[in-house]
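Before any comments, here is the structure.
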Amino acid sequence: MSSLPYPSLKDLLARRDWQNPACTHYQRLAAHPPFSSWRNLNAARDDKSSESRQILNGDWQFSYFDKPQAVPDGWLQQDLTDADTLAVPSNWQLAAYDAPIYTNVRYPIPVNPPQVPEENPTGCYSRQFTVDPAWLAEGQTRIIFDGVNSAFYLWCNGHWVGYSQDSRLPAEFDLSPWLQAGENRLAVMVLRWCDGSYLEDQDMWRMSGIFRDVSLLHKPATHLSDIRITTPLYDSFRRGELVAEVHINQPAQHRVQLQLWRDGQLVGEKTQAFGSEIIDERGAYEDRTTLCLPVEQPALWSAETPTLYRATVTLLSPEGKIIEVEAYDVGFRQVEISNGLLKLNGQPLLIRGTNRHEHHPQHGQVMDEATMRHDILLMKQHNFNAVRCSHYPNHPLWYRLCDRYGLYVVDEANIETHGMQPMNRLSDDPLWLPAMSERVTRMVQRDRNHPCIIIWSLGNESGHGCNHDALYRWVKTQDPTRPVQYEGGGANSAATDIICPMYARVDQDQPFPAVPKWSIKKWIGLPDEHRPLILCEYAHAMGNSFGGFDRYWQAFRQYPRLQGGFVWDWVDQALTRSDENGNPYWAYGGDFGDTPNDRQFCLNGLVFPDRTPHPALFEAQRAQQFFQFTFDAETLTLTVNSEYLFRQTDNERLNWRLELDGTERASGSFDLNLLPQSSASFPLLERLPMLHQPGELWLNVEVVQPLATDWSEANHRCAWDQWLVPRTLHFAPPAVAGSAPQLSQNDQTIDITHGHQRWQFTRHDGCLSQWWQHDHSQLLTPLRDNFIRAPLDNDIGISEVERIDPNAWVERWKLAGMYRLEERCTLLQADQLSDGVRVVSEHLFEADGQTLLRSRKQWLFDSEGAVSISVDVDIAASLPPPARIGLSCQLKEIHPQAQWLGLGPHENYPDRRLAAQFGRWQQPLEALHTPYIFPGENGLRCETRSLLYGGWHIDGRFHFSLSRYGLRQLMECSHQHLLQPEAGTWLSLDGFHMGVGGDDSWSPSVNQDYLLSGSHYHYQLRLKRAERS
């Protein structure tokens, strides 16, 4: 072995492999499913750790340079004196080297493929290690990098080993020629940018480094080199077959044994020699064989019933000794498209899916097992059954967990060229076919044995080109057991088995040039269109969003070929950063000084970065629930329908509860024994009491799982519904005797007094300016009309990110003058009545000399010390629909709790309230604020009948919010952690509130039904303060 490295570092850098799309690797081993090379059958069967694997994670030596040419030659032989330590796996940007960049479409480098900037941040990693002396004596020792972003060179003991790019698939090299007894030294030079970066333009943080596991694997000299497992099913799924195509690295007289296990018990086995059937006139393969093992009455795998077997593949010597064993979890299932429907095991699927980026707030793109399990448990608990690996192959452990817990997976190639113009510039260029091909073929070769993967995806947002057509054909030939999907190319793309648009709407066409997005209802009815439609992205959950999600699910359940979709997306991609005082906060694009950046567009999650749910997650849970209910109010019969396709209920109980104005009056439960796709009815006539008290009567039902499962705790609620029960009784409100309030007025004020209470209107503005109780003022600001909200991301659209969008709601409101309204009182008069005081006020709201709104109020102060407010608002025809119509003020009181009768307990809005349950709720004041990372309107509770907050008691039919943060602060503040509690409590009382929208976040997406587009609105409220003892 030469003591001098060859080629030299200078020679390697002169080749500029990282700017050559035809060069994706040097000396990298072929892709294959994950290997463990057990030497013991029982260990393989039981999935024990393998003694043939050595993990190299931990602290490595690290030196950072602004370009690869700055790396000194001596680093190949020994660490630099100023080297630091850096954890592997990690992203070096999160260790204060370089800056993470968040951008959606725009490339973070000048667009000139395949060239990348000369200033190309470079991380030089090294570490010492030793290996078992037996590994040096025999066999092959490999090093496996599960993920390195974006390209790297590898040396061992000063000798160049190889080069690789594609940041999301393993790079595996043979280290055997370079290893030595005692200490060995690895050196890895990682480049931030390479030509492959043009294929990795996903909507995510752009970070670098060795961010997945690094390990050594020792294989025997003669070893298994590839294993392909399929599970064909026959006779209406009553018979199955385990088929294993096994490859060996070199022709030999060895034999291979295939065994199938279930719960540790042997189901069947077969042993045979290598050698295939005759392929053509030149003969057969000597280095492979196919074993077929029949299985009677196999237990089928699905996301509902993720039954797994364990297959062991043992390489035997000619004498019958075990050379090595590989093992895989096996699920018997069949995926097909027939009659225009995607089916699993013969049943049409309804995809309850989400897109998921690999993201951790502290660790960036480093995934650990605990985070992966947490994500899966949350998905299962909230009725998700599918996940799209957006937009790259995930950590290999992810698929094993999805196999075991039960999630359908779309495995997606690491290809996105969204920032190219046109988008298909690279995908239609044969020069880029080798690079694209390796990203697809190596994904399939690594992941094909996982039952959870039901669809392959050719990538994301790369237009449509001839390269896609070639890759589609390759996948269909190599794996005919799964469909292929790809969104690019518009309505007529042939490179997909599934219509998988993003952000197509339920009823609204979006006729974009070349790539129209028809409404999903229309799409499945186009001439000669017979494919299923599954939205690859929909319901953009950016901040306070997700409005109209229920409309999609109404359509999915109504039209069989609308088979669901994948919500965008799972987790807010914010990173933890510390402010100047060392306090941590969640940072988004631009917070690291990164350019270009797309600010908060990375905050689209159903969960916060720490996996705390957004309110939208509950909306998804309710819409996607596997049990549907109907209630016949005439016969008082409840019917429950199971949407499980394969699972019989064996751990479900149906609970019912009758509530009068939120107070329980009767309850009961039934055992729920339902076959898949069946229903059962439960008569409640004999169980419901006769009630004569006034109030709203609600029937609540829920399905709970009494016993804990692999993914939920005991008594997990998995479905619910409720109905307002009709009542024929009418009740007159009781008469209340008491002294009438007294009126006094002068040129400046109108004052009303009742006992220990006093109210005051000021004539100059016509507002209720103060409310005293026992001479203590209760208001910090007057009670005023409110027609605006702190803009949501959906209100802003693409304004303030790339350009001003005149169609965005916030721009339309600005142009109309809604943020600079001048309020003018045109009427304020008061009258003493026999039983109270009446005040009538009228206000005009003007901008640029035009009257935009007119608000007329009638205030009745009664003998109970309460004030009833009747509000009428007229809206000018020229005004765009306002965000809200209501009243607001700043209360002096700060109370730790609020109680209300209405929809809750979590935040809800008029177009996102499917998951909000009518009842009597109590929550801490701080829980009424939803801490969206980018502040805006939040915390609303709709359809409220009564609100108790400290001494305040408010009745009517209204929406409310209570917050320590005022509207102006919410409008002006850029981050949640910068919000400062204000004096008192801000109270908003809305008679009407516009929806939040959510079909997407860059165009107006609030459905017409939830816009305040009328010309006149009326609402009523009753406010009272409790007498203090």
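Using the three backbone atoms N, Cα and C, a Cβ is placed for every residue, glycine included.
Swiss-Prot annotations:
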BINDING   Asn104, Asp203, Glu461, Glu537, Tyr538, Ala539, His540, Asn604, Trp1002  substrate binding site
BINDING   Asp203, Phe601, Asn604  Na(+) binding site
SITE      His357  site 'Transition state stabilizer'
SITE      His391  site 'Transition state stabilizer'
BINDING   Glu416, His418, Glu461  Mg(2+) 1 binding site
ACT_SITE  Glu461  active site, proton donor
ACT_SITE  Glu537  active site, nucleophile
BINDING   Asn597  Mg(2+) 2 binding site
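Sequence features, as recorded in Swiss-Prot, placed on the structure.
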residue: Asn104; record: substrate binding site; CB count, 10 Å: 20
residue: Asp203; record: Na(+) binding site; CB count, 10 Å: 23
residue: His391; record: site 'Transition state stabilizer'; CB count, 10 Å: 25
residue: His418; record: Mg(2+) 1 binding site; CB count, 10 Å: 19
residue: Glu461; record: substrate binding site; CB count, 10 Å: 22
residue: Glu537; record: active site, nucleophile; CB count, 10 Å: 25
residue: His540; record: substrate binding site; CB count, 10 Å: 24
residue: Asn597; record: Mg(2+) 2 binding site; CB count, 10 Å: 23
residue: Phe601; record: Na(+) binding site; CB count, 10 Å: 23
residue: Trp1002; record: substrate binding site; CB count, 10 Å: 20
Mg(2+) 1 site, defined by Glu416, His418, Glu461: further same-chain residues with Cβ within 8 Å of the Cβ centre: Val105, Asp201, Gln202, Asp203, His391, Thr417, Gly419, Met423, Gly459, Asn460, Ser462
Rounded distance in angstrom between the Cα atoms of the residue listed as 'active site, nucleophile' and His418 (Mg(2+) 1 binding site): 15
Minimum Cα separation from His357 (site 'Transition state stabilizer'), reported as the residue among binding-site residues Asp203, Tyr538, Asn597, Phe601 that achieves it: Asp203
Whole-number Å value for how far Asn604 (Na(+) binding site) lies from His540 (substrate binding site) (Cα to Cα): 7
Glu461, Tyr538, Asn597, Phe601 screened against Glu416 (Mg(2+) 1 binding site), Cα within 10 Å - retained binding-site residues: Glu461
Pairwise CA distance, Trp1002 (substrate binding site) versus His391 (site 'Transition state stabilizer'), rounded so that it is a whole Å: 21
Neighbours of Asp203, Phe601, Asn604 excl. site residues, C-beta within 8 Å of centre, Na(+): Asn104, Met542, Trp568, Asp569, Gln573, Asp598, Cys602, Leu603
Spatial neighbours of Asp203 (Na(+) binding site), counting only the binding-site residues His418, Tyr538, Asn597 and Cα distances within 10 Å: His418
Residue pair Tyr538 (substrate binding site), His391 (site 'Transition state stabilizer') - Cα distance, angstrom, rounded: 15
Neighbours of Glu461 (substrate binding site) among the binding-site residues His418, Phe601, Asn604 (Cα to Cα, within 10 Å): His418
Recorded positions clustered about His418 (Mg(2+) 1 binding site) [Cα within 10 Å; pool: Asn104, His391, Asn597, Phe601, Asn604]: Asn104
